[in-house]
């Protein structure tokens, strides 16, 4: 049985946001851009701020140029550390598996903009 959604916009339940952001080598805004972080997050929790997140790290420079890492999982954005699964990849990261740890480094509550650090632990062939 599917339960009716709780009418509570504070959790963003039911919302879907697409992303296409710079993927950088380090946290500071002026860090070297190495690709794009593209995907979506959808409000999936009715009683807390929790998202279903699907994201590709698409590399556009260096030895990883043309390769991707694909991430899928639950993202409770106000938790200090969030762990999500690496479900695959392409190019150098073909058949990738592993996990990422996400940590919010900066957040603007007025705009919803954030800088998030992702540490990737990936096994691939």
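Every residue gets a Cβ built from N, Cα and C, even glycine.
The N-linked glycosylation site feature in Swiss-Prot is assigned to 8 (among others); the stated evidence is sequence analysis.
Under the DSSP three-state reduction, residue 30 (N-linked glycosylation site) is assigned to coil, being neither helix nor strand. The feature N-linked glycosylation site is assigned by Swiss-Prot to 30 (among others), with sequence analysis given as support.
Look at Swiss-Prot and you will find 65 (among others) tagged as N-linked glycosylation site, backed by sequence analysis. Counting every protein chain shown, the number of other Cβ atoms lying within 10 Å of the Cβ of residue 65 (N-linked glycosylation site) is 13.
The C-beta environment of residue 30 (N-linked glycosylation site), restricted to residues of the same chain at least 6 apart in sequence and closer than 8 Å, is empty.
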